[in-house]
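Below is one structure, written out as structure tokens; comments come after it.
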Amino acid sequence: MTRAITSDDFDAVPEVTRLATGERGGLPGVQSEADAPPNPDELRDDQVDGPELSARLAKTWGTDQGLIGALSTVDHKIIGRRYIVTAIIFLFLGGLSAVAMRLQLAQPESTLIGPDLYNQLFTMHGTTMMFLFGVPIGEAFAVYLVPLMVGTRNIAFPRLNAYSYYVYLFGGLMIWVAFMLNIGPDVGWFAYVPLSGPEFSPGKRADFWAQMITFTEVAGIAVAISVITTVFKLRAPGMTLDRIPLFVWAELVNSFVIVFALPAVVTASAMLILDRLVGTHFFNPAEGGDALLYQHLFWFFGHPEVYIIFLPATGWVSAIVVTFARRQAFGYIPLVLSLIATGFLSFGLWVHHMFTTGLPQLGASFFTASSMLIAIPNGIQIFCWIATLWDGRPVFRAPLLFVIGFFFIFVAGGLSGIMLASVPLDSQVHDTFFVVAHFHYVLIGGNVFPLIAAVYYWFPKFTGRMMSERIGRWHFGLAFIGFNVAFFPMHITGLMGMPRRVYTYLPEMGWGNLNMLSTIGAAIFFASFVLFLYNIVSSARRGPLAGPNPWDAGTLEWAAASPPLPQNFDRIPVVTNREPLWAHRDALPVVAGLSVDNREQIVSTITHGRADLKESTPEPSIWPFIAAVATAILFIGSMFTPWAIVWGSIPLIVALMGWFWPKPSMEDER
Amino acid sequence: MTAGPSKPPAGGAMLPHSIVLNARQMPSYAYGHRSPIWWGTLGFAAAEGMGFALAIGAYFYLVFINGNWPLSAPAPDLFWSSLFTLVMLASLWPNHMAKRNGGREDLAKSRRDLVIMSVIGLVLLGLRIMELGSLHVRWDQNAYGSILWFLLGLHTLHLVTDIGDTIVLTALMFTRHGHGKRFSDIGDNAFYWYFVVASWAPIYLLVYWFPRWW
Ligand code: HEM
Ligand SMILES: [Cu+2]
């Protein structure tokens, strides 16, 4: 039998002093308004119950009808849903550009696509996948799920969160519109100087790339800060550090990596655009600048980027493995420590992308060693997941199938990665299709397969309906076969010497058959996504109703309705166990006493998760949307004249003032 | 009871509640790290501090690549920047007072302190403009000029942001919104100002003194 939770050990609700701080709000000796007794006229949730409570809270926390209402919403679920859908649309756009490339490469000397369009295609593909899909998708899931999983009603800083979504959306739209107008960037997803500099890339193409970075990274940092604060301060009472769901841990570590890594790429792209637009010389060796400075800044971000893409996926995998293994995670503490270690180590590795730039010998060895070191926490995680499944009673539903697909593909990608971490081999296959094969095994194995698993898993929560299991199995088969047929041969074409980023090749090279095979695989892989889309759309309409907890999972998001009501929970849960819903099968312990008429939620302490304050959180507002529009005008305008920074800041300031100024009726909000 | 869950029901129903804690008497806001906004401010300070650190790193990188520094330009003048630095240091005192009087929820003194901080901010902005006007190098002259303007520009951006924030908060305190949680906001605004001052110190040394010592 399994070592599962027993109700006697954990589930007793501790005494009140361990659940609440009982401290005053004002500073010592100060008669503070914070401690004023609650207004007796305000209805509180210890006075109503049942459907009436639900209905009243839904009204308090709801989003208004109509366009203005939709653009004013601060509901993390609505914003989160938009984030997820938008990121997946970008995944499809990136995928379409990949299919176009694969069609071109299917045969030698193909004339389907010329060199200029091909350059734009691989740049748009890489840029879209990394910046418009890879980073946002993990944050998107955090926006939707983290508040639910920690048992609160909205994300911290909900207006900032709404703002960041629109900024991200506008940045993505900008670069795709530019591409449609045939002025898309064509300098590769990392836009190395001098190629992307003023001398070799005149025109606006590289500017769009650099400014897209500004948009998406501002958004990314803002969301990360909201997520960190939500996890630190808004956890349900009783959710001590060692009861935080593994998914939430993964998103927390991810957010930290984002906060420290993204400023590097913003710095790089800001310097690039300054070099291009106002004649600075950061990367111009003739005037004391240096091109490698760009590479250092870029890869200081670029390597952690891989983990920004991978860490949320580990969270999805952990959640799914635990639910479908029907037991608590094996090695919770090692799993959390590995996440944290991965976060730290991800910063020690950037130079391995620059092995071929001629670094000092010792430096290169150091970075080889630390590149290999990161295999340890990754290995520990995979071991713990397998042990959890081994020791549980796994139920092989579609989410778990995709997780198993992830294990195989990701491990294969890790193996070719270890090969690449050795300087001699890297020097040999650098910039060939071997590298392309490697990073697609890592990225698609490490992110896209877990993502699909996560969609199958949480779809019932998002929509209230189940996805078709039968189509899910077909989907998995097609995706797994298609992926491997597409990408495995690229290892060989790479070893045969085929360089990446070439729009065609000669028949004498003998790469034709393998490339045809890759293209067929890509078509199958793409077909699997079409099937996925069909499953999503048809299930959202006609799938069987899910109920709150269709998988009988243990974490708090499954205590909310499917889809959750605007308030998430009618009362904030009290947590006594890592899998609260497995520990309390008959009745959920909760906190009462919060306002029914105002948006109140519990603020708690960081380590012990003791309830500390009942704070109100912001009402909906149109100003974040307006601020995002003003930001877009400023950023886009500044590509055409530096003065846009001056006149463009005026509407932005107005919007920010509207944002922060309290509404006449609402007193305590920000 | 052994294994966690039993046979999965088809989605189940909502769980009934058992109330174990009442939040009615809990305070509605608090100061410093008890407040979520404080953590948000810290988060932005961390991200922006990272930006400063990287820009400083880039400065040193360019110094080592070039060897001679500040390339062909003379070292920048000390007058305006040092005056700026002195005013910045002096502002720490009223900033501290603003934080303290905010914590005491003393409206009259908070208003006074915020007005002082707003004026100081505007004075600093004026000094910054003089400082930029007296540099001996343009951003498009060479890489030294570029990184110099980059660092000063980055810091000016933070200066302007904080001044804007302070002025709005000051105005707010003179309206009927000037009570309750706004006092806690004064503390967070003061906290961000500490960051603006602290990030200036290394930049000042680097930009104005380092070229003299190199
Ligand atoms: C439909 C599935 C996909 C296919 C068929 C595909 C195909 C390709 C091909 C053929 C290239 C090389 C182009 C060249 O160098 O000539 C490429 C580059 C790239 N791919 Fe993918 N890819 C797919 C999905 C993804 C995903 C999901 C990601 C990231 C999450 C990704 C990230 C990248 C990046 C970063 C590059 C490098 C772009 C550059 O050289 O600047 N790809 N892809
Ligand atoms: Cu790397």
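Glycine is no exception: its Cβ is also placed from the backbone N, Cα and C atoms.
Quick caveat, the model's predicted, so the values are computed rather than measured.
Annotated region 'Disordered' per TrEMBL: A:1-48, in sequence order.
Here TrEMBL flags A:61-576 as domain 'Cytochrome oxidase subunit I profile'.
Residues annotated as transmembrane segment in TrEMBL: A:83-101 (among others).
TrEMBL lists A:121-146 (among others) with the feature transmembrane segment.
Look at TrEMBL and you will find A:167-192 (among others) tagged as transmembrane segment. Same-chain neighbours of the transmembrane segment (A:167-192): 82-83, 86, 90, 93, 116, 119-120, 122-132, 136, 201, 203-206, 208-212, 214-216, 218-220, 222, 269, 272, 291, 294-295, 298, 302, 501, 628-629, 631-632, 635-636, counting only residues six or more beyond its ends whose CB sits under 8 Å from a CB of the stretch.
Taken from TrEMBL, the feature transmembrane segment covers A:212-234 (among others).
The transmembrane segment feature in TrEMBL is assigned to A:246-274 (among others). Outside the transmembrane segment (A:246-274) by six or more residues, the chain places 135, 138-139, 141-142, 145-146, 149-150, 191, 193, 196-197, 206-207, 209-211, 213-214, 217-218, 220-221, 223-225, 227-228, 231, 280, 282-283, 293-294, 297-298, 300-302, 304-305, 307-308, 311-312, 314-316, 318-319, 322, 329, 332, 335-336, 339-340, 342-343, 346-347, 555, 639 with a CB less than 8 A from a CB of the stretch.
Positions annotated as transmembrane segment by TrEMBL: A:332-352 (among others).
Panel annotation: around the transmembrane segment (A:364-388), residues 314, 317-318, 321-322, 325, 327, 329-331, 334-335, 337-339, 341-342, 345-346, 348-349, 351-352, 355, 403, 407, 410-411, 414, 418, 421-423 of the same chain, lying at least six beyond its termini, place a Cβ under 8 Å from a Cβ of the stretch. The transmembrane segment annotation in TrEMBL covers A:364-388 (among others).
TrEMBL lists A:400-421 (among others) with the feature transmembrane segment. Outside the transmembrane segment (A:400-421) by six or more residues, the chain places 313, 317, 320-321, 324, 352, 368, 371-372, 375, 378, 382, 385-386, 394, 429, 434-435, 437-442, 444-446, 449-450, 452-453, 456, 472-473, 476, 479-480, 483-484, 491 with a CB less than 8 A from a CB of the stretch.
Taking Cβ pairs closer than 8 Å, the transmembrane segment (A:471-492) reaches residues 102, 397-398, 401-402, 405, 409, 416, 433-434, 436-438, 440-441, 444, 449, 452, 456, 514-515, 517-529, 531-532, 534-535 in its own chain, all 6 or more past its ends. Marked as transmembrane segment by TrEMBL: A:471-492 (among others).
Counting only same-chain residues 6+ beyond the ends of the transmembrane segment (A:512-534), those with a CB under 8 A from a CB of the stretch are 92, 95, 98-99, 102-103, 105-108, 452, 455, 471, 474-475, 478-479, 481-487, 489-490, 492-493, 496, 498, 505. Annotated transmembrane segment per TrEMBL: A:512-534 (among others), in sequence order.
As annotated by TrEMBL, transmembrane segment applies to A:620-637 (among others). Beyond the transmembrane segment (A:620-637), the same-chain residues lying 6 or more positions past its ends with a Cβ under 8 Å from any Cβ of the stretch are 63-64, 68-69, 71-75, 159-160, 162-163, 166-167, 170-171, 174, 211, 214-215, 218, 644-645, 647-649, 651-652, 654-656, 658-659.
Sequence-distant contacts of the transmembrane segment (A:643-661) (same chain, six or more residues past either end, CB-CB distance under 8 Å): 159, 163, 621, 623-624, 626-627, 629-631, 633-634, 636-637, 670. The transmembrane segment annotation in TrEMBL covers A:643-661 (among others).
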